[in-house]
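Structure in structure tokens, see below.
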Amino acid sequence: MSESVGRTSAMHRLQVVLGHLAGRPESSSALQAAPCSATFPQASASDVVVVHGRRTPIGRAGRGGFKDTTPDELLSAVLTAVLQDVKLKPECLGDISVGNVLEPGAGAVMARIAQFLSGIPETVPLSAVNRQCSSGLQAVANIAGGIRNGSYDIGMACGVESMSLSNRGNPGNISSRLLESDKARDCLIPMGITSENVAERFGISRQKQDAFALASQQKAASAQSKGCFRAEIVPVTTTVLDDKGDRKTITVSQDEGVRPSTTMEGLAKLKPAFKDGGSTTAGNSSQVSDGAAAVLLARRSKAEELGLPILGVLRSYAVVGVPPDIMGIGPAYAIPAALQKAGLTVNDIDIFEINEAFASQALYCVEKLGIPAEKVNPLGGAIALGHPLGCTGARQVVTLLNELKRRGRRAYGVVSMCIGTGMGAAAVFEYPGN
């Protein structure tokens, strides 16, 4: 009898594993939203908690308020603000991880300079990470991993990007054997073409993409007008060069890409940006942007010992691989993986912050997972706010937890994004309630 039960249990586990391996991009089955069954876990002294987070406004690359501001200055602004807000001595930090995509060496030198500009002593170590568009979230995962393995009890996870001042589109030195592998060759497909591939392969119409983009703009405009971003944004005073080359001092205090006057008619007039007859336009794609964000994490016991606030708890993190030529579908596979690790379903989540690299891929992921539209990016996403590559993941964490705090009740939220070359990342956070 016990042998039969053991075989049944083993078969069940095998079916679960096969279920995760199935449902890849070729499958048409969607993740079904199960009835809400969330039970909040007991607080543990070993929990990795988010203490606090801040971000800069997001500037329009090449023409906005940060077009002449170096990334070390953007990063220093948020590092300084987070430490000052919670009155934490900088020498208490066990490590700093900074996500960056476009700077040489993932911005390792730039980030260390920013550390010193922020008054953080040389005794605090720092590393840089580049997992493309998930770099900011990967920094969060890296710091959380260090806390979990006992390397330290408190650390700072950041993301930063100056797309104004960085060289985009150069893959670096690569093998002459590239043509021998379809997947290797697909890693060089322009991101806009991967968006077109998703739209064509999964039937995401131009009208649906434009409607999604309009909703993003409308939500962001509403949030901005209500002051919803005020608590998370660090105003940055900087200098900008005018058309004559003269320096002017300005203070950037809100996101520059939000366009309240956006209409479906206006979006419909935009030409395809990446190929003739395509459906991906400047209006239904993320904006090229500048910005930085920082998130302070700690072991719960250390946060309590230091009298620090607890804004959220990191419950799970997952990264998955998908075909490079349709890289935008990554969240559709990363989110279920992260939810499973947390023991949750789609219905248990109040807010999904899914990066809007392109409306095509964001829509695909939302529809594939059966996520109610009202749960997706309630304050707008990258189409309206902008997408400073290395910053985005950290920015999403800050925005998510601040919005859950505004709502007040205990709840779960998800941060997710697609990743160039074919990946997706997702993390589940719990807001503990007011």
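Note that Cβ sites are derived from N, Cα and C of the backbone, with glycine treated the same way.
The model shown is predicted, which means the values in this text are computed figures rather than measured ones.
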Under Swiss-Prot, the annotation region 'PTS2-type peroxisomal targeting signal' belongs to which of these stretches: 11-36, 323-348, 401-426?
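It is 11-36 that Swiss-Prot annotates as region 'PTS2-type peroxisomal targeting signal'.
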Measuring CA to CA, name the entry from the active-site residues C133, H387, C418 that ends up nearest K183 (N6-acetyllysine).
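It is C418, whose Cα lies nearest.
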Counting all other Cβ atoms within 10 Å across every protein chain shown, which of the recorded positions K244, H387 scores highest?
H387
Between K244 (N6-acetyllysine) and H387 (active site, proton acceptor), what C-alpha distance do you get in Å?
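Each residue's Cα considered, K244 (N6-acetyllysine) and H387 (active site, proton acceptor) end up 29 Å apart.
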Using a Cβ cut-off under 8 Å and a sequence separation of 6 or more, which residues in the same chain sit near C133 (active site, acyl-thioester intermediate)?
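Those within reach of C133 (active site, acyl-thioester intermediate), by Cβ under 8 Å and sequence separation of 6 or more, are V101, N355, A357, H387, L389, T392, G393, M417, C418, I419, G420.
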